[in-house]
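Notes to accompany the following structure.
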Amino acid sequence: MSQIEKNSSLWSYANPRKFLATTERVMPFLWGAALICLVVGLVWGFFFTPDDYRQGSTVKIIYLHVPAALMAINAWMMMLVASLIWLVRRHHVSALAARAAGPVGAVMTVIALVTGAIWGQPMWGTWWAWDPRLTSFLILFLFYLGYMALWEAIEDPDTAADLTGVLCLVGSVFAVLSRYAVNFWNQGLHQGASLSMDAEENVADVFYIPLLVCIAGFVLLFIALVFYRTGTEIRARRIRALLARERAGA
Amino acid sequence: MIALLLRDLRLAVRAGGGFGLGLAFFLIVTVLVPFAVGPQSALLASIAPGVLWLGALLACLLSLDRLLALDWEDGSLDLLATAPLPLEAAVTIKALAHWITTGLPLVLAAPVLGVLLNLPGPGYLWLVVSLLAGTPALSVIGTFGAALTVGLKRGGLLLSLLVLPLYVPTLIFGAEVARRGAVGMETVTPLLMLAGISAGALALLPFASAAVLRVNLR
């Protein structure tokens, strides 16, 4: 391998050993940064921001709800990209990263749904409403469940990676389609986007900055978890390869 | 291709099980609904389009299990994969055979069952139109799900879990067409969306199904 290939390309991280070596070096910083952001953001958000004049202190659940919802969608996006890389370039690390992200994304979806329900009970007077956003998150959760179940169900790892990769692609199209379908089907209770760059109805700055810190914390946490779980998957596969070799030798 | 289609149809009719199963399930669901929700005709009329669509969808889901599994077990799927016919075409034919044996009977039976549920007059036309436009999508999506799980010992539950979210858009638009038709509202928009889903699924999903089958047959 030439020097240029070794150092400058992103693809060099497709080498599991290089991936593990790099992530292990970055890991402590990632965990640390995620922890700091989450602690600072949540403590700031929970204890040092004023109560909303209409919603009271229930508004503070936003510091969990919004970042979790954001990561629930972005985790699927990351799985989509990783699956594409696996299907096109056959890098095993990529497939394993997609697999590792699945449960994390599913948990994020659950957090978003549960915190939403907890907030919805006092505010909307109901735990659950068939609102487009809620419904599409439920559908997203089903996609995560199906994706994880398919990974678990198939024994041969390469077959599993291929099948889940295609499922992820098809699922993405249908997830977008469902989003439009449920929008059409019911107008809903959920408020519009509160964080877009150009909207006039953004949340006020007092809430905005701790929220951004929380989002950064969730992003870092997600990256750290995915790296960590990918490392675990790589090692699990190595162990399996070693065992297979031992059995073949014996 | 026609030979394959005829073979699948003949198998479905003669081998028993597959052909009548979906239809019987559809019948059972719609007949039992009035017992469950009560016999008030106004209530039944308002839920009839949704119940009929849901019954059709579940009947479709029920029959997906055997769509590819039997051919997988006796090895004819391997022969199909090595045949000169592209696997994409074979998969499309499979979906078509599934539609003819499951979707089409449902479409034909739906108006009759609509009578039982007190479906309002203008609803019949739109119910049939929406089912005609929507059931092909159900078959094609179902074939994809069946292709994903064909190698698994007990893939039934997983198949339902995988196909369930994929069916959501079709169900929403299909039931919306039938509902709007029944109360005399404008139906063009959801009908176009439904037809778009069917056409798009028919155009693209066979490639995904064939790719997945190739992986499973590897």
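Quick reminder: no glycine exception, Cβ is built from N, Cα and C everywhere.
The feature domain 'Cytochrome c assembly protein' is assigned by TrEMBL to A:19-190.
Beyond the ends of the transmembrane segment (A:26-49), by six or more residues, the same chain brings 60, 62-64, 206-207, 210-218, 220-221, 223-224, 227-228 to within a C-beta distance below 8 angstroms of the stretch. Taken from TrEMBL, the feature transmembrane segment covers A:26-49 (among others).
For the transmembrane segment (A:61-88), same-chain residues at least 6 beyond its ends with a Cβ under 8 Å from one of its own Cβ atoms are 41-42, 45-46, 94-95, 97-98, 101-102, 104-105, 108-109, 111-112, 115-116, 118-119, 137, 140, 143-144, 147, 161-162, 164-166, 168-169, 172, 175, 194-195, 203, 207, 210-211, 214-215, 217-219, 222, 226. According to TrEMBL, the feature transmembrane segment maps to A:61-88 (among others).
Residues annotated as transmembrane segment in TrEMBL: A:100-122 (among others).
Within its own chain, the transmembrane segment (A:134-154) has Cβ neighbours under 8 Å at 69, 72-73, 76, 79, 99, 102-103, 105-106, 109-110, 112-113, 116, 128, 160, 163-164, 167-168, 171, 174-175, 178-179, 182, 186, 188, 190, counting only residues six or more beyond its boundaries. Feature annotation from TrEMBL assigns transmembrane segment to A:134-154 (among others).
Under the heading transmembrane segment, TrEMBL lists A:166-186 (among others).
According to TrEMBL, the transmembrane segment annotation covers A:206-228 (among others).
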Mind checking which residues reach the transmembrane segment (A:206-228)? Cβ under 8 Å, same chain, six or more beyond either end.
23, 26-27, 30-31, 33-38, 40-42, 44-45, 48-50, 59, 62-64, 66-68, 70-71, 74-75, 78, 97, 100-101, 104, 108, 195
